[in-house]
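A short write-up of the structure that comes next.
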């Protein structure tokens, strides 16, 4: 009981941080899209929305973890909650894949990028992404072999879903996605290295002597860096949970559910907290917009403090200052 309560407190803190950080980044990205009208930022916004929904989904599990064992959630409601968590997590992972593909396409086909990745195509990709995510998340509710035969609270992932479901997700989704990530990263690194060699040859020939390097070179490596950080964060967060779940399926005598549910699953969900921090630090548009938002909040608080000061007895000072200004103005007129 004490362990469940501690897990519930950690889950509550994590849910609050995930919702707060992703909501802040979502607002910043939305304002950036309004200013710049960038298609790539729409994928970043979708990632923030998916991660926010993960925070909302796991916040629904907090009450069950903090309540007494006699008041457990019904199996149907618990299954719906876990399906919603899984759908949001799948949307987050698929959005990371979409961002990696978008950056890959921008480097691979820089001249045709805006023709290929139009607003209509981006909207269709996002709509298909959410449809696939909810099909994956709610799959155990329609397939009996992915469900646990018995249910005993509190509501946890493996209390309602069998590890075979995670095994299927790993083989059909996680490992192919990892291979695709590695392909994108290696090919982008190859293209960026080729651009670097071409620039070095031009500089050696004297064509760019004394000039700055073209911004294309810097943007290529920034895209590779951002994708590599996302891939690394995704891999480190979810691979322990998925690999241990496969071990649980292979070894029926091994009882790894406590490690999976209270540690490794929490680590995977924590990826939704890392994603907004990565974009807030690495992506220039998001970082600048957050800076402007902070300046706006600072100005608003300063104005509010001044207003409160005036209401609390500082109304006489502005009157003295106004008289002083009038006196100076009359003296200048007389002069």
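Residue numbers in this text run from 1 along the chain shown.
Glycine too: its Cβ is placed from the backbone N, Cα and C atoms.
Lifted from TrEMBL, the feature list:
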type     : residues : note
TRANSMEM : 6-31     : transmembrane segment
DOMAIN   : 21-279   : domain 'G-protein coupled receptors family 1 profile'
TRANSMEM : 38-62    : transmembrane segment
TRANSMEM : 82-101   : transmembrane segment
TRANSMEM : 113-136  : transmembrane segment
TRANSMEM : 165-186  : transmembrane segment
TRANSMEM : 223-243  : transmembrane segment
TRANSMEM : 263-282  : transmembrane segment
Residues from the same chain, set at least six apart from the ends of the transmembrane segment (113-136), whose C-beta lies under 8 A from its own: 39-40, 42-43, 46, 50, 86-88, 90-91, 94-95, 98, 102, 105-106, 169, 173
Contact between the transmembrane segment (6-31) and the transmembrane segment (263-282) (at least 3 Cβ pairs under 8 Å, separation 6+): yes
Dominant neighbour of the transmembrane segment (38-62) in 82-101, 165-186, 223-243, 263-282, by Cβ pairs under 8 Å: 82-101
Contacting positions for the transmembrane segment (263-282) when only residues 6+ beyond its ends and CB under 8 Å are counted: 7, 10-11, 14, 17-18, 21-22, 24-25, 28-29, 44, 47-48, 50-51, 54-55, 58, 85, 89, 92, 96, 157, 222, 225-226, 229-230, 233-234, 237-238, 240-241, 244, 290
